[in-house]
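A.B. asks: Straight from TrEMBL, here's the annotation block:
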- 1-26: region 'Disordered' (REGION)
- 9-23: compositional bias 'Pro residues' (COMPBIAS)
- 40-59: transmembrane segment (TRANSMEM)
- 67-94: region 'Disordered' (REGION)
- 67-79: compositional bias 'Polar residues' (COMPBIAS)
- 116-138: transmembrane segment (TRANSMEM)
- 158-176: transmembrane segment (TRANSMEM)
- 183-203: transmembrane segment (TRANSMEM)
- 209-228: transmembrane segment (TRANSMEM)
Amino acid sequence: TFSGLSAPPCAPPGRPPPAPPPSLATNHKTQVATVSHLPTVQHVILALLLPLWLITMPIQRSNIASTNNSSLTNGGDTRSLSPPPPSSLSPNLNNPTAAQFNPRLILSQIASLQSFHYLILGLVFQINHVLFATSITIDRIFTAKYLDVWTAAGWIDNAAVLFSSIIGSVMLAIVVEKSKKCLDFSVTLFIIHIILCSIYGGFPSTWDWWIIHIMGMIVMVVLGEYLCSKKELSDIPLLEL
């Protein structure tokens, strides 16, 4: 009765039986785990740094508005030939040091530059994932695992760091606007980045990390000073009397 049925193939003696094919549930779990790991950098950047920038930008705008209001108050529409009395002068005019040093403005500028630096890095790593199929992880920002000056794969992340420095020089011209302050803000950004890297994954101890980041800092300083000087030397429109 059972002559037409064939027995399932058995493994030869001494060999283990073949492994069963992976189930659809296992593949589905693997895909879900992979997809859930992708937006790590996006979550950190958007959840921490972008709100920080949104908080600091109104501070800068309020400082600019207060400066404009004081300038309008000192030289407004009511023009007089007689000089103003000394009591009506702004304390910032009497004390040039107070006019130059504004801690709230400086802290807001540092926070804005730092936020934009990490935001640009996160976006570039997303683009590298699409173009070169690289992994998306926050280790690419705060560790030296993927920076290598001797391999082509390492220059994918090296180029991302250098590109973020170029964008940082543009941000210096927008946020700082002073060529003599570009060195101070660039070094401050670099020092804060070293502190965050040390907290996250330990002090960076590879030559590749230091070479790439020092090159990026030099590019940011030189190009930022050039852009700020071009902005400072641009023509100032005159008001019609």
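Glycine is treated like the rest: Cβ placed from N, Cα and C.
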A.B. asks: Hey, which of 116-138, 158-176, 183-203 has the most Cβ-Cβ pairs under 8 Å against the transmembrane segment (209-228)?
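C.D. replies: Going through each listed stretch, the top one turns out to be 158-176.
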A.B. asks: Counting only residues 6 or more past its boundaries, what in the same chain has a CB within less than 8 Å of a CB in the transmembrane segment (183-203)?
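C.D. replies: Residues packing against the transmembrane segment (183-203) from afar: 109-110, 113-114, 117, 138-139, 142-143, 168, 172, 176, 213, 217, 220-221, 224-225.
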